Amino acid sequence: MAAAPSGKTWIDVQKKTFTGWANNYLKERILKIEDLATSLEDGVLLINLLEIISSKKILKYNKAPKIRMQKIENNNMAVNFIKSEGLKLVGIGAEDIVDSQLKLILGLIWTLILRYQIQMSESDNSPKAALLEWVRKQVAPYKVVVNNFTDSWCDGRVLSALTDSLKPGVREMSTLTGDAVQDIDRSMDIALEEYEIPKIMDANDMNSLPDELSVITYVSYFRDYALNKEKRDADALAALEKKRRETSDASKVEVYGPGVEGGFVNKSADFHIKAVNYYGEPLANGGEGFTVSVVGADGVEVPCKLVDNKNGIYDASYTATVPQDYTVVVQLDDVHCKDSPYNVKIDGSDAQHSNAYGPGLEGGKVGVPAAFKIQGRNKDGETVTQGGDDFTVKVQSPEGPVDAQIKDNGDGSYDVEYKPTKGGDHTVEVFLRGEPLAQGPTEVKILNSDSQNSYCDGPGFEKAQAKRPTEFTIHSVGADNKPCAAGGDPFQVSISGPHPVNVGITDNDDGTYTVAYTPEQPGDYEIQVTLNDEAIKDIPKSIHIKPAADPEKSYAEGPGLDGGECFQPSKFKIHAVDPDGVHRTDGGDGFVVTIEGPAPVDPVMVDNGDGTYDVEFEPKEAGDYVINLTLDGDNVNGFPKTVTVKPAPSAEHSYAEGEGLVKVFDNAPAEFTIFAVDTKGVARTDGGDPFEVAINGPDGLVVDAKVTDNNDGTYGVVYDAPVEGNYNVNVTLRGNPIKNMPIDVKCIEGANGEDSSFGSFTFTVAAKNKKGEVKTYGGDKFEVSITGPAEEITLDAIDNQDGTYTAAYSLVGNGRFSTGVKLNGKHIEGSPFKQVLGNPGKKNPEVKSFTTTRTAN
């Protein structure tokens, strides 16, 4: 036996061993004795130890004693409990425990060990012998000698043999090192690992100072393990059977469903875990430790939801967003379930192989939904047959983004629709999970117009003539039947017929398009107008192209081709005739008129639209002029033609003379002569000038004048003035009065030689002032009035400026007359005066009595 460590006694060994024994129980309440002598002082740890080893409760003890009395009370309760268990305590009381009497405390603990660990009383020696005999039988095969519980254990061989005997192979004797302490310590470690025997004493203590009670206490654990092994095995077998019956076996668990077979992106991949026990029986309860993980080939883990249905079925689901291979791991308590891990292919469309197509990528119209289709294809180029892919569509118009709607058809195809609001070039691009399709963006022409609503009008749409330019207008109309206000639509126009026709289209940028063409040959033609290969309204349109006018058959006639005069419009008419001699009935011919002469002339030609053309020109100088008429560059029959232009009569230089412009009588024709003089002041010697005579008489009377062209530059004028009075005579040339016009002419009653009487009278009045004195100066108002049926009368009132006033008058006719004379508004003495002229019985019944008045001053 090795020497005991310096200063260490059996008390120290027992203290450590018994402390370890007690702490092995106290640990279940997370309690611990630090020093056996002092830790039991308050009675709390001792009471807890007693409750644990006896499986009984000690009630109403002080759990936090502060004073000695409370500690003694607790320990009294502990001592009394030990006695109540039938144990006899000698020489120890509560005060001894409070006062830390170690030897007495060791005796107390040994009493507890005997009862609850070794199950024997202190006076009974047979259990000790029985324990020794049990050890001998256990280690007999190992050829080791054990005679006691002291020095037989010093070299560690007995302990090593005992350790291996409970489970052969765990402590091979051949592995002993010969170092007793090391071998003992290793055996204690194995006993702890394999049999859960607490290491309540040190290897040094067993080697150098083997305290019998300590060794017995420690070795008793081995016998307990051996005696309880059968029960433990039975319990373990029962527990195993229970586990096999009531819990799942990872190797038998069934995992099934599309989520472990294959799936599609963005669609829930579901599968189920069926709890199955060791015997292959399905379990109907939940709560087991299944775990699921899903990791893609790119190393990214996909969240997986696991739901315990509490009926033995667990529902798992995950949604992959990237098409690739995934590893699905299903474990039960960190053990792979049957067939786990699973290699699952999640299919989905690939941006490099998917494509978009349809009319919405080829063109569209404002206000009309434009549709196209997306077809998903996987990385192998195979058509995808399920929906759920994350396709997005971006539509950009000249004015900004346009909303696009995507419908997932569930079969790998997607219907896309967008509704343009403005015409012009649009860009449409399709993305898959943010990546553009390989086909890239598509440029789409969006039209303002709708082919079914757009239409044409204009002359060139109804009729045309060979070799004549013509045109018509395309009116673009939207799908809403409203006229378009913007251009840019690709209308196509063609005209087919016997001969090719070149067509030009001008976009007016206002929703209209001008179509111009010049057919070279006549015949029946067809107009085609299309928009994106669709015919517009009323198309095709048949049109007959008439023959062009023939310069050999066409002709001109009119006075302007015979001659003219300066400053006067000369006119003639062109008649368009086709090669068959048929007069054309519409316009548009290429006639051109040129005139050359002494002065420039700009002829004006008007297309009457009926096959005739009116030409008018006004020469400014006299002389010979050459008129040329061409049709498409060829001279018309009879041209060129020379015409003579005479000097024009001048209103400024022309004049009129004659008695009819001086004095006329109501009973005789009045005559005068117009003398035509040209602009150079030369008297004209021929006629034809458009002189006009206008004569207006009293009271709005209009008198007709007869003008006779003497064809020698003079024009005779005769008119009758039917009543007396003033007449206004005006002679004009082309609206302009001739020299000294207009002129006033007085018409008087003409005398009848058989019936008329004549009287001439004169008298003088001498004026006096208020004093009756004759005045010697004039200035008074002298008024003379004659009333009667005069056929002709002249009357003058004269202030002689010497205080006398003279009245002079003459009368023609028959009848009674009255003459009134006033000075300053008052009749002179005897006024009015009565007189008779001729024979009143012969008075002209058509002459009525009237008053004539004259005033001086």
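Each residue, glycine too, has its Cβ placed from N, Cα and C.
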Stretch carrying region 'Regulatory site' according to Swiss-Prot (options 229-246, 463-480, 535-552): 229-246
Cβ-Cβ under 8 Å with the region 'Disordered' (832-857): same-chain residues at least 6 beyond its ends: 749, 752, 755-757, 759, 778-791, 793, 795-799, 805, 807, 811, 813-821
Surrounding residues of the region 'Regulatory site' (229-246) on its own chain - C-beta under 8 Å, 6+ positions past either end: 166, 277-279, 281, 283, 285
DSSP-derived helix, strand and coil totals, residue by residue, for the region 'Regulatory site' (229-246): 18 helix, 0 strand, 0 coil
Secondary structure tally of the repeat 'Filamin 5' (646-747) (DSSP, helix then strand then coil): 6 helix, 52 strand, 44 coil
